[in-house]
């Protein structure tokens, strides 16, 4: 994928102009020496990572490398800028409108990306590593601001009406979920999906795609949520590839996507899509990502307006009977849910039992390390006393990250083996290793091998 490095830099807005006037502009008189350790760190990063870019379908991305770069002495001004922005965003108001959030965050990203060109180690990064730094900054700030920008979480925290745009997210989420529940019983043929494979095989692909899409609520950053959309779309494309329907484009893709959404019953999809569109940098949504995101939006719009007339129905009497059976089942499920709620012990952190708690453990761990940069600097003697404890913490973090990544690798391998049951498991594992367990590139490679 080719990066578009011609970024339009807006100069009229500088969110920290007052800070610079008060403290002196740290951008002035910045000198860079050939033996600067910060520059050396950047050059080492470029060398170590360059091999990973060759032959890779996706731009290089490593959030931990970005955090390490941000912890170098030369990046101190960037840390101060980021700390100031986050503190002001969180402290000045409990509720920003969606439009205000978009402008504030977009303006800050433009500002801080411009500052990357002034400070080491970022100043010496090549294009792909600079993109990684920008991706990392987006992930960092949105991880910190998630509960204020993601409508369901914001509403759960404030427990009061929000601005019109945030409330519209919640209303559309409810509308979508209601439609999904009412029409979850429909068959593929009602969506004009050709009957070209056994239902068991179709359901397997649909389950896998729904599972990948369902992971969207586990993550906080727009990029990670977008990856969930991309992975689900790759699974659907795999289904179309096996049934020789991929040449039909959106005419085949969107109906299958609709079917996956109806069967998966993933919550907060409207809010998630809007969150991606609002806070993912436009330069990062290109090509297939833009296509798949637009397709998901089209599928959601179709479902929210879904009626019996939207479907291809051969026997309306049978359809009505199935609809009524499902309606009765929904009533029974609701009654069971009410009984369970009465038996549950209230959770102070989850007043209504619906607050999303993203499970992006690796990101949360690394962000917690970044929080240390925001803490006041202690006396030298105190720092020395904490060295041993800090070293142990870093070892624990590294160990936990490796454990989480290994579990994800195993889960991806199992998913791929279910998708391609006729393929040699050792070959699937080799592809999984080569593609770093990213299900999108893995599916692409395995589809090519299965031709």
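Residue numbers in this text run from 1 along the chain shown.
For all residues, glycine too, the Cβ spot is worked out from N, Cα and C.
Computed from a predicted structure; not experimentally measured.
The region 'Disordered' feature in Swiss-Prot is assigned to 15-54.
If you look up Swiss-Prot, you'll see 26-54 marked as compositional bias 'Basic and acidic residues'.
Marked as domain 'VPS9' by Swiss-Prot on the basis of sequence analysis: 170-312.
Here Swiss-Prot flags 229-237 as motif 'GBH motif I'. For the motif 'GBH motif I' (229-237), DSSP puts the residue distribution at 9 helix, 0 strand, 0 coil.
Outside the motif 'GBH motif II' (249-257), and at least 6 residues removed from its termini, the chain residues within Cβ reach (under 8 Å) are 188, 191-194, 206, 209, 232-233, 236-237, 239-240, 295-296, 298-299, 302. Residues or ranges marked as motif 'GBH motif II' in Swiss-Prot: 249-257.
Annotation source Swiss-Prot lists motif 'GBH motif III' at 287-295. Looking just at the motif 'GBH motif III' (287-295), the mean pLDDT is 92.
Summarising the annotation, Swiss-Prot assigns phosphoserine to 375 and lists a large-scale study or a structure entry as the type of evidence.
Residues or ranges marked as domain 'CUE' by Swiss-Prot on the basis of sequence analysis: 408-451. Within its own chain, the domain 'CUE' (408-451) has Cβ neighbours under 8 Å at 56-58, 204-205, 208, 211-212, 227, 230-231, 234-235, 237-238, 241-242, counting only residues six or more beyond its boundaries.
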